[in-house]
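Structure first, commentary second.
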Amino acid sequence: MGLGLGFWGYALFLSLFLKQSHCQEPNTDGFFVSEFYKQMGLSSSQAYNFSAPFCSWQGLFCDSKNEHVIMLIASGMSLSGQIPDNTIGKLSKLQSLDLSNNKISALPSDFWSLNTLKNLNLSFNKISGSFSSNVGNFGQLELLDISYNNFSGAIPEAVDSLVSLRVLKLDHNGFQMSIPRGLLGCQSLVSIDLSSNQLEGSLPDGFGSAFPKLETLSLAGNKIHGRDTDFADMKSISFLNISGNQFDGSVTGVFKETLEVADLSKNRFQGHISSQVDSNWFSLVYLDLSENELSGVIKNLTLLKKLKHLNLAWNRFNRGMFPRIEMLSGLEYLNLSNTNLSGHIPREISKLSDLSTLDVSGNHLAGHIPILSIKNLVAIDVSRNNLTGEIPMSILEKLPWMERFNFSFNNLTFCSGKFSAETLNRSFFGSTNSCPIAANPALFKRKRSVTGGLKLALAVTLSTMCLLIGALIFVAFGCRRKTKSGEAKDLSVKEEQSISGPFSFQTDSTTWVADVKQANAVPVVIFEKPLLNITFSDLLSATSNFDRDTLLADGKFGPVYRGFLPGGIHVAVKVLVHGSTLSDQEAARELEFLGRIKHPNLVPLTGYCIAGDQRIAIYEYMENGNLQNLLHDLPFGVQTTDDWTTDTWEEETDNGTQNIGTEGPVATWRFRHKIALGTARALAFLHHGCSPPIIHRDVKASSVYLDQNWEPRLSDFGLAKVFGNGLDDEIIHGSPGYLPPEFLQPEHELPTPKSDVYCFGVVLFELMTGKKPIEDDYLDEKDTNLVSWVRSLVRKNQASKAIDPKIQETGSEEQMEEALKIGYLCTADLPSKRPSMQQVVGLLKDIEPKSNQ
């Protein structure tokens with residue numbers, strides 16, 4: 001008997017030990033997922049508490065009984081190595097699996113037993129070898145994305161079992177051989193991407209008619225051969241990219257009325273396109289037929305009125321005149337290089353106001369370059385023609401701010417000014433320097449923005465040698481101080497040469513110093529304008545020596561100034577005043593990284609400057625201020641003393657400061673939902689679309705800006721890393737009214753994506769209630785902040801009482817209550833209870849107002 005008790009006591013001890021060590025019951029979905037994370041290198045401290053109920057973990061969604069995982073999202077979690085057996089392969093009810101953006105190298109043998117899967121995303125990993133024919137087990141699969149891996153061998157014929165498949169992405173791998181005939185069994189496909197592989201052979205017979213719902217097809221970058229008739233029966237196609245293959249025949253059979261994007265470049269298509277342009281081409285927005293064997297004369301393009309991108313370069317067209325394109329009013333990109341054009345470049349090109357790229361190089365064009373006063377033009381190539389005469393001043397004046405230009409191998413004349421020898425050899429080879437004796441020697445020196453009248457006065461003065469008149473004009477106009485109404489401040493050559501530091505500037509809350517000797521020797525980097533030679537001297541001029549009149553805000557990271565850089569670039573200049581532990585090179589590397597992060601809902605970082613120990617970030621200016629001002633009726637430019645209301649940017653009119661007030665676009669449910677969804681998308685991109693993920697750390701209403709189209713843009717992302725370890729806790733952890741509960745504990749962890757989720761929840765509450773996070777009237781004396789007030793109402797099923805009266809009658813009250821419930825989820829006390837931002841985006845999309853709201 002004693003032995004029996006000892007045995008059962010030991011068994012009980014072992015059971016408790018196992019439960020404590022694994023934190024989940026063995027052979028449960030929670031156990032399998034926790035083992036998966038642990039063996040793939042993810043620890044409990046990385047936003048997961050393995051002792052908590054598994055259905056509360058980030059990225060996990062369970063069935064209604066909280067017994068089985070039906071969705072697992074682990075994108076960008078730095079998972080590495082081979083997925084072990086007896087982990088996720090045991091999730092018998094799993095419907096959706098997203099393991100994208102990791103370093104996974106191989107799949108387990110039991111992976112193919114997940115026969116309930118509907119969505120599988122393994123993209124952007126390092127999985128190699130052949131793709132198993134066991135994929136045929138996934139009969140319910142609707143989305144399969146294994147792009148950007150190292151798969152090789154043949155695409156398995158077993159794909160014919162995927163009868164429910166709608167989206168197939170196998171691009172950017174090493175798949176070989178031909179496209180399997182089994183693919184034709186997937187008749188529900190809407191999108192196919194097999195691009196950037198090593199596929200060869202011809203398309204299976206009946207390929208064009210096999211997919212009646214197909215809208216998107218990309219076969220680019222393979223060695224597939226076939227004819228235009230292979231695509232004749234695609235009735236629903238809107239996007240077609242077959243570039244870089246071996247297709248031939250006429251392009252006639254390719255075009256359908258539904259087609260909007262067509263890239264047929266780098267193939268062997270033949271024939272005359274002028275006789276083939278008909279109604280099937282009318283929906284085209286993007287057309288690339290470059291590097292084929294097309295012939296005839298280019299004409300009839302005026303029918304393609306929706307076209308934005310046109311590339312016909314490197315074909316075998318007969319010699320002909322420049323085609324009429326002035327009717328293509330939306331054209332942004334035009335490449336007619338090496339198309340055997342003759343005659344003149346028509347001056348009507350100036351009517352293409354949206355044109356950004358013009359390439360007519362390698363032709364037989366003669367005559368003068370017309371005056372092209374196209375505001376958006378950033379690239380021009382007219383090289384290797386027979387052009388003569390002066391390069392128009394309207395073009396020369398734009399060159400310092402262009403991304404690419406080439407006038408070489410013509411008979412043009414121009415004034416070389418201050419162009420470097422390298423630029424002269426590369427872009428003006430064969431042209432003649434025509435500078436008159438009195439020409440402006442600084443024509444191409446990057447200068448501060450001045451008014452049009454001043455530019456004209458200086459140009460006239462310097463080109464006529466009337467020194468006395470020039471001196472008078474310079475005295476009258478050359479030294480005006482830049483003010484808020486747009487007047488310009490300029491410095492004489494003598495004054496400019498005397499600009500030397502160190503420089504000290506003061507605001508109400510801080511004094512900052514730029515310890516540099518010569519302002520014009522400190523470069524300013526503008527990411528998308530590499531030819532601009534801007535210096536710290538230009539920043540001084542743009543901000544009137546960082547004058548208080550140009551101060552927009554005195555925020556947490558430092559003061560923000562408004563200014564215009566050379567080229568009319570409207571910017572907000574943020575001085576990062578807190579000491580950084582990073583070297584200049586490390587800080588520059590961090591800023592360069594942030595400059596590469598692009599998203600429609602992020603304020604773009606356009607450049608930076610390292611001035612001594614001072615780091616300066618340069619942002620695109622946001623015309624419509626920030627959300628805090630818009631919601632709480634503050635005039636643009638007004639700074640309040642509360643820390644959570646800093647970083648306000650202003651908007652001016654000729655009559656002074658403008659106040660949008662409550663009657664503007666903000667007073668509708670549709671607009672506020674748009675702001676919420678855009679901000680959520682920005683955060684989801686930072687958390688899940690960047691590698692490594694970026695934690696914002698200070699999401700608040702005043703960090704959400706509105707561009708000229710009233711689209712929301714999140715600012716200040718990633719700035720904390722520029723300081724290294726030089727920031728104190730108060731700055732790292734956010735602003736009063738937005739602080740997550742975990743940051744109020746004596747010993748708390750560093751910010752995580754879930755702390756951003758909490759802050760977003762507060763912003764969502766602001767949008768729905770119109771109230772500030774703290775120090776507002778919450779209609780209940782017991783509540784001292786917005787979060788506790790709204791959460792209390794939601795718990796009592798009285799969420800409608802919190803809705804801002806200004807928007808209550810502008811849409812569905814049910815949708816507005818759902819938005820408050822989403823905010824409730826985001827502001828949960830425990831980080832593990834909060835959804836991810838990807839999930840928040842999905843929830844907000846589910847309550848998107850209809851078009852008539």
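Each Cβ is built from the backbone N, Cα and C atoms, and glycine gets one as well.
Under DSSP, ASP698 (active site, proton acceptor) is assigned to coil, being neither helix nor strand in the three-state scheme. Summarising the annotation, Swiss-Prot assigns active site, proton acceptor to ASP698.
Here Swiss-Prot flags 116-138 as repeat 'LRR 2'. For the repeat 'LRR 2' (116-138), the residues of the chain that approach it from at least six positions outside its boundaries are 75, 92-107, 144-162, 164, 169-170, 175, judged by C-beta separation under 8 angstroms.
Summarising the annotation, Swiss-Prot assigns repeat 'LRR 6' to 212-234. Within the same chain, residues 171, 178-179, 187-203, 240-254, 256, 258, 263, 269 sit at least 6 positions outside the repeat 'LRR 6' (212-234) and bring their C-beta atoms closer than 8 Å to a C-beta of that stretch.
Feature annotation from Swiss-Prot assigns repeat 'LRR 9' to 281-304. Averaged across the repeat 'LRR 9' (281-304), pLDDT in this predicted model comes to 82.
Annotated repeat 'LRR 11' per Swiss-Prot: 329-352, in sequence order.
The topological domain 'Cytoplasmic' annotation in Swiss-Prot covers 478-853 and is backed by sequence analysis.
If you look up Swiss-Prot, you'll see 457-477 marked as transmembrane segment.
The DSSP breakdown of the repeat 'LRR 6' (212-234) into helical (H, G, I), extended (E, B) and coil residues amounts to 4 helix, 8 strand, 11 coil. Over all protein chains present, the Cβ of ASP698 (active site, proton acceptor) has 27 other Cβ atoms lying within 10 Å.
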